[in-house]
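Engineer: What TrEMBL shows for this protein is this:
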type	residues	note
DOMAIN	7-422	domain 'Enolpyruvate transferase'
BINDING	Lys22, Ser23, Arg27, Ser168, Gln170, Asp316, Lys343	3-phosphoshikimate binding site
BINDING	Lys22, Gly95, Arg123, Gln170, Arg347, Arg389	phosphoenolpyruvate binding site
ACT_SITE	Asp316	active site, proton acceptor
Amino acid sequence: MQTESIEKCGALRGEIRVPGDKSISHRSVMFGALAQGQTRVRGFLRGEDNLSTLTAFRAMGIAVEERPDGELLIEGRGMQGLSEPADVLDCGNSGTTIRLMSGLLAGQRFFSVLTGDRYLRRRPMGRVLQPLAQMGAQIWGRQQGQCAPLAIVGQPLKGLSYQSPVASAQVKSALLLAGLYAEGETRVYEPHLSRDHSERMLRHFGVTVDSFAGGVSIAGGQSLQARDLEVPGDISSAAFFLVAALIVPGSELLIRQVGVNPTRTGILDILRAMGGDIRCLDERELGGEPVADLLVRSSTLKGIEIGGALVPRAIDEFPVISVAAACAEGTTVVRDARELRVKETDRIAAMASVLQTLGVTVTTADDGMTICGQETFQGGQVDSCGDHRIAMSAAIAGLCAGTALTIRDTACTETSFPGFWPLLAGLRRQAV
Ligand code: S3P
């Protein structure tokens, strides 16, 4: 099992890039496959999750060339161009792959089976299967349709108006994909706006998607036209280095070409509210998505309260936000974040355990946690629980630990951030 050891370091300085956005990379393959014609994708994230999506589409007859310069060339075959996969489709650790594909496969003219690793097979699938069943989908899963593996017998679908109980882009996107194949209109309402990459990319491919207060709608029977795409850097990956630079005294980092879609920038709002000095430079647009260079300087942080609509806008960043909170003056309270319990692992329990090992006072609630900030951490040994974001958040906490922090089970960072450890090691080597 891979382990990493981190301890206190000097100021982090310089200019970095982070790999492409995971959510956008998944969608580039899915929508590119459904489009008519060739889609060229620059900046595709070659993380394990996205490779699961790529492999699944290849297994359904989609040709994808991976060029040496990292560009993907996807030969889209149109809305009815997928073919029945000869084997089970393995979604690995990827919730986005399995949930979005459930929606997409529900309306095909063939049979398919989706599964994943032991972590994914524990995660709730009922949230997509239940509304899909109302559209006419025939999908079976373990535990009364709650868990993968999922067996899908493609069916003609009908549109649905659905109020989602959770703000989830995976639920919304699964229903939009099924809605493309359904007769009539599909409307999805959500309690707070979740990330809108599907809506933006579908529009980029020529589909009409209507966004309104509280939801989104799509008419069935539309087709996609191939369009080139450029994937911005993933703000969820940049988040680790934003927090690193904030908490290590004297640091200043410039992170180039990061996606700053407003449905994803909760991390910037939260860190700024804590007193973090983060500037967005050279804001521009790339393939329908806003991007900027982020300049971050070490800052004295203070504890804040986080809840409500801000939560889905920073949902993947709470592990590293909890590290910032542990370094802040005063107490940080996170509420309304029950979703963290059903991510790659239970991220409330996992981060509480990491921070407690470091000597931080943390209490947990069903929907969040309370973290008392302090000046330094002690070292020790922590476990990633097989969750990429727990492993990377622990590494950032280690930068403030007085003695070495050992992190067990660190190969999982390949899920979303290939090259994380060398990038961090390079910055630490040059630390001043
Ligand atoms: C994602 C949506 C979010 C997020 C996940 C990626 C997506 O999940 O946590 O990492 O690409 O649509 P939920 O839809 O469960 O909130």
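Just so it is clear, glycine is given a Cβ too, placed from its N, Cα and C backbone atoms.
Context for these features, please: burial, neighbours, distances.
Structural biologist: Counting Cβ atoms from all protein chains shown, Asp316 (3-phosphoshikimate binding site) has 24 others lying within 10 Å of its own Cβ.
Here Gly95 (phosphoenolpyruvate binding site) comes close to Leu120, Arg123, Gln170, Lys343, Glu344: these same-chain residues lie at least six apart in sequence, with C-beta atoms under 8 angstroms from its C-beta. DSSP assigns Gly95 (phosphoenolpyruvate binding site) to a helix in the three-state reduction.
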Engineer: Kindly assign Lys22 (3-phosphoshikimate binding site) to one of the three DSSP-derived states: helix, strand or coil.
Structural biologist: helix
Engineer: Arg389 (phosphoenolpyruvate binding site) has how many other Cβ neighbours within 10 Å of its own Cβ?
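Structural biologist: Here the count is 28.
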Engineer: Specify the secondary structure state of Arg389 (phosphoenolpyruvate binding site) as given by DSSP, simplified to three classes.
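Structural biologist: Once the DSSP labels are grouped into three classes, Arg389 (phosphoenolpyruvate binding site) ends up as helix.
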Engineer: Check the binding-site residues Ser168, Arg347, Arg389 for any whose Cβ is under 6 angstroms from an atom of ligand 1, and report them in sequence order.
Structural biologist: Ser168
Engineer: If you skip the near sequence neighbours and keep only those at least six away, which residues in the chain come within under 8 angstroms of Arg347 (phosphoenolpyruvate binding site), Cβ to Cβ?
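Structural biologist: Non-local contacts for Arg347 (phosphoenolpyruvate binding site): Phe318, Pro319, Leu340, Arg341, Asp387, Arg389, Ile390.
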Engineer: For Lys22, Arg27, Lys343, listed as binding-site residues, tell me which one has the smallest number of other Cβ atoms within 10 Å.
Structural biologist: Lys343
Engineer: Looking only at the domain 'Enolpyruvate transferase' (7-422), report the model's average pLDDT.
Structural biologist: 97
